[in-house]
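Q: First, the structure itself, so that you have it in front of you.
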Amino acid sequence: MSCINLPTVLPGSPSKTRGQIQVILGPMFSGKSTELMRRVRRFQIAQYKCLVIKYAKDTRYSSSFCTHDRNTMEALPACLLRDVAQEALGVAVIGIDEGQFFPDIVEFCEAMANAGKTVIVAALDGTFQRKPFGAILNLVPLAESVVKLTAVCMECFREAAYTKRLGTEKEVEVIGGADKYHSVCRLCYFKKASGQPAGPDNKENCPVPGKPGEAVAARKLFAPQQILQCSPAN
C-alpha cells in the first residue's frame, strides 16, 4: 500500500496554469513565427487548449497562421485583440503573430496573463526606419520572457538585426515578404537600395545628411590619441 497521497490536480496540469507573457522579437526572416509555432505546438502536445491570433490584414497565406517557409497552423484573424477576447478566455495558451500591428497588444496581454493565460507574442521590434514599432516595446517590462532573434543579412550574409525596405513607400504598415523587405546588418542597412535615387529623397536608411567621407571624419574625433589627451592627469 502506498503511503504517498497525490493531489487530484497536479501542479503542472492545465487547470493550474499561471499567467505569463513571452515575447519573441526580431527583424523579418529571423524565425519569429517559426518559434511561436514551435512553442504553441509544444503546449498542444501536452494537451493544453491553444489559440493562435493573426493580423487580419495580412492575407498572404489565406486565413491560416503561416511562416515564410509555408508551415501553417489554424489561426483566428483579428484587427483588434479585444474583438477575440471571449475566444481567448476559453483557452490556456494564446499565441499572437505580428503583434506589432495590434494597437491594444499591451492591455490585452496583461489582462490575459492576469487571468492565468500563457501569452506568446511574436513581433517586429522596429520599423524599417529602426524606430519602435507601435506599442510592442511597452510589453517588454510586463513580460516574464523576452528574446530578440537575428536573421542572416540578405546582402552580405552576416548577422542581421534590422529590417530594410526595398521600395519607396513612406507609410509604416506595408505588408510584404522578400519582395518588399530584406533583413540586413548594420553596414548594409545604410547602403542605398538598388533602384532608389541618391540624394535627399532617399533618407529612409540614412543616419545623417552629408557626404560618405564625413562619417569617417566623425570617427577620427574619437581616435586613440585624442582619447588619451582627454584623460585626466595622474
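For all residues, glycine too, the Cβ spot is worked out from N, Cα and C.
Positions annotated as active site, proton acceptor by Swiss-Prot, on the basis of sequence analysis: E98. The ATP binding site annotation in Swiss-Prot covers 26-33, 58-60, 97-100 and is backed by experimental evidence. Positions annotated as substrate binding site by Swiss-Prot, on the basis of experimental evidence: F128, V172, E173, V174, I175, G176, Y181. Residues or ranges marked as Zn(2+) binding site in Swiss-Prot (evidence: experimental evidence): C153, C156, C185, C188. Sequence annotations record features per position, and here Swiss-Prot assigns phosphoserine to S2, S13, S231. Here Swiss-Prot flags S2 as N-acetylserine.
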Q: Can you tell which of the recorded positions S30, K32, E98, F128, E173 lies nearest to C188 (Zn(2+) binding site) in space, using Cα positions?
A: F128
Q: Per DSSP, to which secondary structure element type does Q100 (ATP binding site) belong, with helix, strand and coil as the options?
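A: Where Q100 (ATP binding site) sits, the three-state DSSP reduction gives helix.
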Q: Quick one: pull the CA-CA distance for M28 (ATP binding site) versus Y181 (substrate binding site), whole Å only.
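A: M28 (ATP binding site) and Y181 (substrate binding site) have their Cα atoms 8 Å apart.
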Q: Among the binding-site residues F128, Y181, which residue has its Cβ surrounded by the fewest other Cβ atoms within 10 Å?
A: Y181
Q: Using the centroid of the Cβ atoms of C153, C156, C185, C188 as reference, list every other same-chain residue with Cβ within 8 Å of it (recorded Zn(2+) site), in sequence order.
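A: Here the nearby residues are M154, E155, F157, R158, A160, V184, R186, L187, Y189.
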Q: Between C-alpha atoms, which of these binding-site residues comes nearest to E98 (active site, proton acceptor): K32, C156, E173, C185?
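A: Checking each of K32, C156, E173, C185 against E98 (active site, proton acceptor), the shortest Cα distance is to K32.
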Q: C153 (Zn(2+) binding site): which of the binding-site residues G26, S30, K32, V174 is the nearest Cα neighbour?
A: S30
Q: Closest to S30 (ATP binding site): which of the binding-site residues C156, E173, V174, Y181, going by Cα position?
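A: In terms of Cα distance, S30 (ATP binding site) lies closest to Y181.
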Q: Find the one among the binding-site residues F128, C156, E173, V174 whose C-alpha lies closest to that of Q100 (ATP binding site).
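A: So, spelling it out, the nearest of the binding-site residues is E173.
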